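This report refers to the structure that appears directly beneath it.
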Amino acid sequence: MLPNQERKLRVLVVDDSSFMRMVIRSVLEKDPAIEVIAVAMDGVEGVEKALALRPDLITMDIEMPRLDGISALKEIMAKAPTRVLMVSTLTCEGAKATFDALDAGAIDYIPKNVTDSIDAQKAFKEELLRKVKGSGISILGRPLVSPSPRLVVPPRPVIIPRPAGQRYQYVGIGASTGGPVAVQEVLGRIPGNFPHGIVVAIHMPKAFTGPYAERLNTKCSLQVKEAKAGDIVQPGVVLVTPGGMHTALVRQGSTVAIRTIATAEYPQYIYIPSVDHMLTTFADACNGSLLGVILTGMGADGFKGMKHLKTKGGGTIVQDEATSTIYGMPRACIEGGVADTVLPLTQIGTEITKIAG
């Protein structure tokens, strides 16, 4: 086998739709760093080929005959653990199945939306390639694209010191790839009587954030709901920012409230909802009494927000490399000098409770 610096990322495509198999294969094979080693028409064939060929990565449909994608995923994870990206429909039912798959070991998902319009097809293809490449970095230990300039470490922000013993009144959490499971792990370790409000921004489509919040609400002691415009950030309540738009936090009298913003107003943000915008406006709205937390995810969304909240007197926690599904977002914060504390995932919820509780 070629060394990691030379060999391609080996991908298995599992989907019962011949059209989807063709689309996924054609998108991936256009990239010289990716090789589609095989396709499978259902879960049974997918498991067989996964065990025989040992791909680096699998794209897995959810609804398939003979053996569905989640059952196939569980069998693969039991016999030959492999990184799996689920390809799911943009529906409430599709969202719930996707979260079941993430609980079963899938690292991320790609919303299937290629039939509505040219724009939708383009968006699907771009996200597919981005997520496959992002996963490839952690598998092969190198970028699957020409190396881009490393994050230039800026001057450390001027920090406003907080009085000894003063606790933060709010918590803002940002995540992307691997985030749904990571956020659940963190919130699950925070007690239901936590005295401060929490806002979570995670890169998800509009159809997914509602079901995700409902799911978290059944698994955590805290009350969890999808945020709506005008919602007040309250103690013991977690607001999940809605997908398909950006969210700002604004001062409203003595409280902090949610304001939703169309993506067209901030075209500079690649990721939706923007973690940077949530954290930046949150820090301003609460005058820096904010604990910012960045979990697993590709890219650098959240770094600018964490840098800003540090200048306002806020505190920061960042997930470590060893427990991150994708180390991009945490790495940007650590290399950028805005991480007060770096912890494994299982310790972050407890640390939030200790610092802000």
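Glycine too: its Cβ is placed from the backbone N, Cα and C atoms.
Positions annotated as domain 'Response regulatory' by Swiss-Prot, on the basis of sequence analysis: 10-127. Residues annotated as 4-aspartylphosphate in Swiss-Prot: D61. Annotation source Swiss-Prot lists domain 'CheB-type methylesterase' at 161-357, citing sequence analysis. According to Swiss-Prot, the active site annotation covers S176, H203, D301, on the basis of sequence analysis.
Annotated features, which come from Swiss-Prot, shown on the structure.
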{"residue": "D61", "record": "4-aspartylphosphate", "Cβ within 10 Å": "26"}
{"residue": "S176", "record": "active site", "Cβ within 10 Å": "28"}
{"residue": "H203", "record": "active site", "Cβ within 10 Å": "25"}
{"residue": "D301", "record": "active site", "Cβ within 10 Å": "28"}
CA-CA, which of the recorded positions D61, H203, D301 lies nearest S176 (active site)? H203
Tell me, roughly as an integer, the mean pLDDT over the domain 'CheB-type methylesterase' (161-357). 94
Please report the Cα separation of H203 (active site) and D301 (active site) in Å, rounded to an integer. 10
Collapsed DSSP category at the residue listed as '4-aspartylphosphate': strand
As a quick check of your reading of DSSP, tell me how many residues in the domain 'Response regulatory' (10-127) are helical, how many are strand and how many are coil. 56 helix, 29 strand, 33 coil
